[in-house]
Amino acid sequence: MAIPLVLLLAWLLPTVFAASLTQVSNFGDNPGSLQMYIYVPNNLASKPAIIVAMHPCGGSATQYYGMYDYHTPADQYGYILIYPSATRDLNCFDADTAASLTHNGGSDSLSIVNMVKYTISKYGADSSKVYMTGSSSGAIMTNVLAGTYPDVFAAGAAFSGMPFACLSGAGGADPAMSNQTCSRGQINHTPQEWAAYVHNAYPGYTGQYPRLQVWHGTADNVISYTDFNQEISQWTTVMGLSFTSNQTNTPLSGYTKMIYGDGSRFQAFSASGVGHFVPTDVSVVLDWFGITGGGGGNGGGSGSTTTTTSATTTSTGPTGGCTAAHWDQCGGNGYTGCTSCASPYTCQKVNDYYSQCL
């Protein structure tokens, strides 16, 4: 039986005009030789927000697009998605060269920023609502962009990353490279030294740095949990924030949400027993960015139970005669360093794996 033309068109239109992930060939200067993919929803908001979503090593833009569903909420809220795709070093983003770790230095970080500028210009996007997220290599790149282009990004969410500049000079960013000093958690600096790497990436910058969420699994055997603790100390020092409290079983059972300051600028999530890498909770990320919430990121999940505990003193006695300075680590499962804090500070438990002189 013949199908009436009107019914045929009604069936075809949603398929023909549905938004899809599309490659952009000419977005501007591309010193990192990255590929750019973009998702622009049909229901585009006036002055839409932008989310840059970055894949892990060995991944691609199309792979990461399919891994976590940011595009369905984009259809509802009208934001634009940018998916950079790395093409070198086992498809890892450049987080080790001076070019990528320097404001306007070039390489991958500048390529991604030029993708953002292209999108703002072409679609009238809101330059004050540019966000970034990623897993593993994408999480490391989130830290890189937060340090090198704090004037471009408003907030970020990094899943299983490491501190800014931890890979500096490593000669590569893939997990199989010979120099695994950073990924094994063997690079240790004071919080002030970690913060200096960030400040030196953009000399003269005096504005705010992006609000950040960092997530890490305690059983990560690719990027050490120590890197998570260093990541926390780096950014809380840059932002001038102190540990406030823990919220257990948030947003899932076994996860601990760590609040710094009032929780509006920096949050950390420790996932007990989770390996590499922590799965992305899209709803929590969108809330943190302010797309579905107020931008403070309450981090609650359906069915989760939350208890709040303030920092507690774990040790003030010396071990081996050494003393940890203000902000330094002083305890935690597997920790073998100084447990005595310089006066007047005390060693306060942040979680089972990390205590800090506060």
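Cβ coordinates come from backbone N, Cα and C, glycine included.
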From Asn179, Asn188, name the one Swiss-Prot lists as N-linked glycosylation site.
-> Asn179
Averaged over the domain 'CBM1' (322-358), what pLDDT does the prediction give?
-> 68
Whose Cβ, among the recorded positions Ser136, Asn246, has more other Cβ atoms within 10 Å than any of the rest?
-> Ser136
Same-chain residues at least 6 apart in sequence whose Cβ lies under 8 Å from Asn179 (N-linked glycosylation site) | Ala170, Gly171, Gly172
Distance from Ser136 (active site, charge relay system) back to Asn246 (N-linked glycosylation site), taken between C-alpha atoms, in Å = 24
Hey, does DSSP put Asn179 (N-linked glycosylation site) in a helix, a strand, or just coil?
-> coil
